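First up is the structure itself, then whatever we jot down about it.
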Amino acid sequence: MTLMRPTAARSDTLLSTWRVTSDDGTEATVRLPDDAMLRAGRDPEASGGAETGWFRGGDYDYVTQWSAPHGDGDVVLVFEGVQGDADVTVNGEKVGTVRSGYTETELNITDVVRRGEVNDIRVIVHHRDQPAERWYPGSGLYRPVHVITRPLTHFGPDSVRVTTTEIESARAGVRVDVRMSGEAPASTRVTARLSANGETVAQGLFHGASGTIHLDVTDPRPWSADTPFRYELLVSAESADDVLDEWRGRVGLRTVSVDAQQGLRINGKRVLLAGACIHHDNGLLGAATHRAAEYRRIRILKDAGFNAIRSAHNPLSRDLLDACDELGMYVLDELADYWFVRKSRFDHSDRFRDTWRHDADALIAKDRNYASVIMYASGNEIPETATAAGVELSREITEYFHTADPTRPVTVAINLFLNAMVSMNASPYSAKGDRSEEAMAGSTEANVMINHIGRMMSVVSRLPRADRASRDAFATVDVAGYNYGIARYKGDAQRYPHRVILGSETLPSDVAKAWRLAQEIPAVIGDFVWAGWEYLGEAGVAVWVPGKKAGLAKPYPYVVAGPGMFDLTGRPDASLRLAQAAWGVLDAPVITVRPLDRAGQPYVRSAWRVTDAVESWAWRGSEGKRAEITVYSTADEIELVVGDRSIGRRRAGRNTEFRFSFTTRWESGTVRAIAYRDGIEVSRTELSSASDVSVQLRPEADTLLADGDDLAFVHVELADADGVVEMLDDDHVDLEVSGPAELVGFGTANPAPVDSFLSARTTTYRGRALAIVRSTGETGEVRITARSRHHGETTAPLRAISSDASVSHEAPRLA
């Protein structure tokens, strides 16, 4: 969002290369971002258990060096995120600590830096005690680290605040609040210039170090998820003929308002949120925050029809917010997963009361100038909101957000079923919120019951007890966040006519109904499905497993949770097609088939997954097996044809949630779904079985930037000459990368893999794998070779091109 212009007195250096020593004595040279937990590997005896996906915790000693320039002014270290409690020293002197895994932290090191010399920087990360979260957190310096030198008079964090005060078709008002740091000369003058495609559209100035500039923009181009146009803003501080400092950023002109009568309005127009909950990890890359991976994830979600994401359950990275601003994606950014009730054995609920203001300040400062961020969440499934102490804290946090940023609404996500459970406990907390001897029900316990009782959850959420246990907390926020409370929407909209309702978490099977309710009830502004993207940890909670009995969490080697509408490699799940049909963005019918290698077996299902079906008819060796087929479509009628034989027609509509079910016997050849509307064919889709397959490589792009950071995503497939991937002929594949790139991730969507994502060998899953390679900083040809045990080998070329030749991502933006 903010790109500070380097001057003689200002520089921003990414500290990329570090030497890290693990507590087991192993050493490695790494380039940030680095997820040390991914390198630590998995163990069936890992203390984090299923919550961390059976990954080990650890302690890590990072060291690097930085050559400081001559001159004066401030020098600061900025950590965009560190997983684990971290102690930081410079030249042997402690300069501070980092105590929150998702919160950006700045440490002033001016007094210990040796100007004009090489400085030693050391970060000792303590993250052995697991589980520290309810999911996979990662370890170490998993987000970028900067060292920034600033002039004596400078723009610091949150120094420039941009607000769109009004926007109409003919004009927009923009307020730029500026507060400089340091001792400014009496002759200081601050100017602001707003430009579009290099042309100035508005400008203004004031004299002094702090003040406000009002810009009047004619014929504005508003920012929205549909039209994510951004202006360039330059704020310059000058004295006489000297430039003291400059701030540059891309800003979208956007207003947000919300009420129960007109719902959510962006730039004055009602918007329904088709949202996805996403975790912070990047799948095969672990928790490492790679800019290209964050962009890819948002691009794929956007292309699928989502227009919003909810961070689950922590502040998002700058790189992901950059992608949302650039590509057009609304954001609900969340402060925390817990308050003062412990959810995991080694979480930091014991210090939440002391740290939440600092974390909220950092969240707001990071998000403030991102047009994509339209709402804050103070917490997720906070059971203490059923108590007086929790309600009071909710009110305090909301008021704090309103004071710091009055332009965005605040929500809190409440699991109505969980709060009803909590309300049945006798005085679980004192007035100060201390834990009683009886453990209060937490998210995990509630999720276990949700999974077992299924639709009974809707019954419980409708009970008066659930209302009594949530209404006081909902009264403290602008938007009431309902986790799995869809059964209350209609009644609560009438009972509480001023309440705005958001489905902060929705089961995939409820997406179509939730969308209809949002269309029908002005107070309902949309929903966020759990979950939009597959994530590590909470191993197996949503995976359908063969058998008659299984616990919520699954044993080693399960690693993913299982509810993602996109799997770990970025491929869509059948549950996505239900959402797309409900949103009206599914153009042709989609055919899905339950796995034929498990035909006839009993299954333990999950409430968080609609089906285990996949979009394939390539099930070699399955002749005569019973095939359960579901077709997703918005049509009135679907005909299914296997080979030249019609299996029949099915009628459907909203009441059957756009799903057409068929049962037949599998045979090689083709299966076709023909969609009819008013008796007339409108579209058709065909799947076929595979002929002879070989290992194939399919890069998503043929170039990557030689900037030392860009990524290339390469699909490895066991497919025939027509690109049909065989589901039942998996193989071991070894990958080799030559040229100016390195392999940083290799794996599959298998929920229970045995191969490390850092290994150059994996076993395909349903005929597929994904390789991720990273630029090393030089230009030239990159060659990727895949060698399989039974399906031959193949090579794909990539070109690492100059980073000046194309700009696909913005640079990090820090003040």
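Cβ from N, Cα, C; glycine included.
TrEMBL has this to say about the protein:
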type: DOMAIN; residues: 52-128; note: domain 'Beta-mannosidase-like galactose-binding'
type: DOMAIN; residues: 160-254; note: domain 'Glycoside hydrolase family 2 immunoglobulin-like beta-sandwich'
type: DOMAIN; residues: 262-416; note: domain 'Glycoside hydrolase family 2 catalytic'
type: DOMAIN; residues: 624-682; note: domain 'DUF4982'
type: DOMAIN; residues: 696-791; note: domain 'Glycoside hydrolase family 2'
type: REGION; residues: 787-815; note: region 'Disordered'
Does the domain 'DUF4982' (624-682) come close to the domain 'Glycoside hydrolase family 2 catalytic' (262-416), meaning at least 3 CB pairs under 8 Å for residues 6 or more apart?
no
Per-state residue totals over the domain 'DUF4982' (624-682) - DSSP helix, strand, coil:
3 helix, 38 strand, 18 coil
Going by DSSP, how much of the domain 'Glycoside hydrolase family 2 immunoglobulin-like beta-sandwich' (160-254) is helix, how much is strand and how much is coil, in residues?
0 helix, 66 strand, 29 coil
By DSSP assignment, list the helix, strand and coil residue numbers for the domain 'Glycoside hydrolase family 2' (696-791), in that order.
0 helix, 52 strand, 44 coil
